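If you check TrEMBL, you get these features:
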type	residues	note
ACT_SITE	Asp283	active site, proton acceptor
BINDING	Lys191, Glu238, Leu239, Ala240, Glu287, Asn288, Asp303	ATP binding site
CROSSLNK	Lys285	SUMO2 cross-link
DOMAIN	50-116	domain 'FHA'
DOMAIN	162-324	domain 'Protein kinase'
Amino acid sequence: MAGTQETQRTQIDTQRSQYEVEDMSHLNARLVSRNPLYPNIDLPKGITTYNVGRKPKINEIVMPHDWKRISGQHCVLNYEEHAAKDDLILGIADPDPIIWVDDLSQSGTYINGRRVGEGHQILRVGEEICFGKPSQHDPAENHSYTFCKIGRPTDHPLLRRYAVQSMLSSGTFGVVYRVLDKETSNWAALKVIITEQDLHDPRALEREVTIHGNLDHEHIIKLHTHHEEPGRLFLVMELAEYGDLQEYLKSNGPLSEARTRHIAWQVYQAVAFTHSMRVTHRDLKPENILITSLDPFLVKIADFGLAKAVDGQTFLKTFCGTQK
């Protein structure tokens, strides 16, 4: 009996372990620490209710005794796995779990910066949970984690390393997912393109992979890796946390003159670099300008599907893109 309890109990160490590619089939989910001072929290299978606090005898997730913002019994996490659904884009079936959070503490439990309060609140995949109110003065008192699903075991060469967390966008050509790199604990974007559709030019896809992979600049979205299989092309890219410039303008209205100049300068630097590499983008528009930071306001160009490596005879002489 004691052995079973020890198996179910997750003791939080004071040293952060390496987030390596590993067999996580024994886990329901993982809370990935947003504070480099602390390790991740694993939610093992076999139970679905996890008491969180500093008292070892009554909690499955035991916090260190010196974490003063954490109560003896701080909160309760109830893991709930929705019925698996077929994902026709990825070609896999993957459940989308949630966690019901009940706060029992005085210092509070927060989801995306908002206190849970009375009753229970839902924590969804990709959202942040914080045990105790974050301190602005002492990083050691910030106990924030991102809820990440594990996903079922897969032989897919990309999904062994990248855990799909949520859909970012979808369109005629495919879907973009937010994924977690299990080797580095960094977020990335997984672009899945349906190549079997007649709308796609195979040469354009090949150009995007070849040209994009050779461009390394601070204002160009990085292409980390890619994988091709019948009917699908997978591109793992740098994640732009704040979407594209077109959606930003729709939500926030016109830009100030100063901000417009700042964005134009960054785009100019990226375009000047691509031209120095004898590459022209040929489809530069607000939806292909992605925002990676709001303060300072930083942008990067993406989507090299129409890009072309050129010579002196053809450089910038062909009209491309959409006429509007």
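Each Cβ is built from the backbone N, Cα and C atoms, and glycine gets one as well.
Just so you know, TrEMBL annotations never went through curation; they're auto-generated.
For the recorded site, Ala240 (ATP binding site), the DSSP three-state label reads coil. You'll find the Cα of Leu239 (ATP binding site) roughly 20 Å from the Cα of Asp283 (active site, proton acceptor). Relative to Asp283 (active site, proton acceptor), the binding-site residues with Cα atoms inside 10 Å are Asp303, the candidates having been Lys191, Glu238, Ala240, Asp303.
Reduced to three states, the DSSP call for Glu287 (ATP binding site) is helix. Here the residue listed as 'SUMO2 cross-link' is positioned 16 angstrom away from Ala240 (ATP binding site), judged by their C-alpha atoms. For the pair Glu238 (ATP binding site) and the residue listed as 'SUMO2 cross-link', the C-alpha distance works out to 19 angstrom.
A sphere of 10 angstroms centred on the C-beta of Ala240 (ATP binding site) encloses 19 other C-beta atoms. In this structure, the CA atom of Lys191 (ATP binding site) is 19 Å away from the CA atom of Lys285 (SUMO2 cross-link). Spacing of the residue listed as 'SUMO2 cross-link' relative to Asp303 (ATP binding site) is 10 Å (Cα to Cα, whole number). Here the recorded positions are Glu238, Asp283, Glu287, Asp303, and the one with the most other Cβ atoms within 10 Å of its Cβ is Asp303.
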